[in-house]
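Undergrad: Got a structure for you, questions after.
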Amino acid sequence: MSPFILATLLFALGLGTTVTFASSHWLLAWMGLEINTLAILPLMAQHHHPRAVEATTKYFIAQATAAAMLLFASATNAWLTGQWDIQLVAHPLPVTLITLALALKIGLAPMHSWLPEVLQGVDFTTGLILSTWQKLAPFALLLQLQPTNSALLLALGIASTLIGGWGGLNQTQLRKILAYSSIAHLGWMTLVLQFSPSLGALTLIVYFTMTFSAFLMFKLNNSTNVNSLAMSWAKAPVTTTLAPLVLLSLGGLPPLTGFMSKWLILQELTKQELMPLATLAALSALLSLYFYLRLAYALTLTISPNTLIGTTPWRHSTSHLTLPLSISTVATIFLLPIAPAIVMLFSL
């Protein structure tokens, strides 16, 4: 792809998210989401592979359905209340429809089935954009809606944590595992969104950092399935040593950064006297932890077959930028000790 076209598409991606962030009118917010969707489509289809084209088509259909639903719900709200303002959505019908449309946009369960299929069809860089940047604008709209639809958000959140954990158990493709990981983490954010928006934003940033590390690590190793991870040791020994820590941080084990958000969310749910929900969320984290442990085992405790057919690859110097991976890996592993300072910063 030409650098000028790439720069234009990346600018449009940033513009769409910024328009949605800055808007107080539903039509402007919808327009920002549409700019976002249209800018990512050429990036997804740039390799001209049947799987990439299929993934792009599925993504377009899912996003177009969500956008149509959002436009219909905001028009219904304007018809019922005479208001197009995002902050003034009070009627339960448009609130429910808008929440479901935004859930479909970001891939919350039970509207999640497009996300693993789409991520499986694109490369790691585009998958990273889909799993991180594309969640920002819908999440900002959910954040503004959240006081009026508490039961629905809790149901979507707990369903996502369970399905995100359950769906990843039987997967062998890394991109599908990362997609189910994304669904589970978004579920945790949705659970706490209405009780502590600042904690929801903190969880989103921690999730972005950990996902950034995981995607870049697999891209550096050029691994697409669990079996190919066994050859990582010969390609990048230092990265392979740190990879299990990144994966266990995604799983939420102490003393790693990923534990911070899960611990604070469980504390908040307990404060709100939602003990059964907190217990269910904590148990669902064990499901996710199983497939992260599986990946960590494949990375560090298995050796690639050294036969004539499958020889150990040579360790060549990489052409990828490793500084972003280094920074995000350090953040993914070592931020838990400064958790009080981070919480104070987000609660200002």
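Quick reminder: no glycine exception, Cβ is built from N, Cα and C everywhere.
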Undergrad: I'm validating the feature mapping. Which of 2-24, 232-254 is tagged transmembrane segment in TrEMBL?
TA: 232-254
Undergrad: Which stretch, out of 120-138, 177-195, is listed as transmembrane segment by TrEMBL?
TA: 177-195
Undergrad: Given the model, what does the mean pLDDT over the domain 'NADH dehydrogenase subunit 2 C-terminal' (289-342) come out as?
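TA: In the predicted model, the domain 'NADH dehydrogenase subunit 2 C-terminal' (289-342) has a mean pLDDT of 80.
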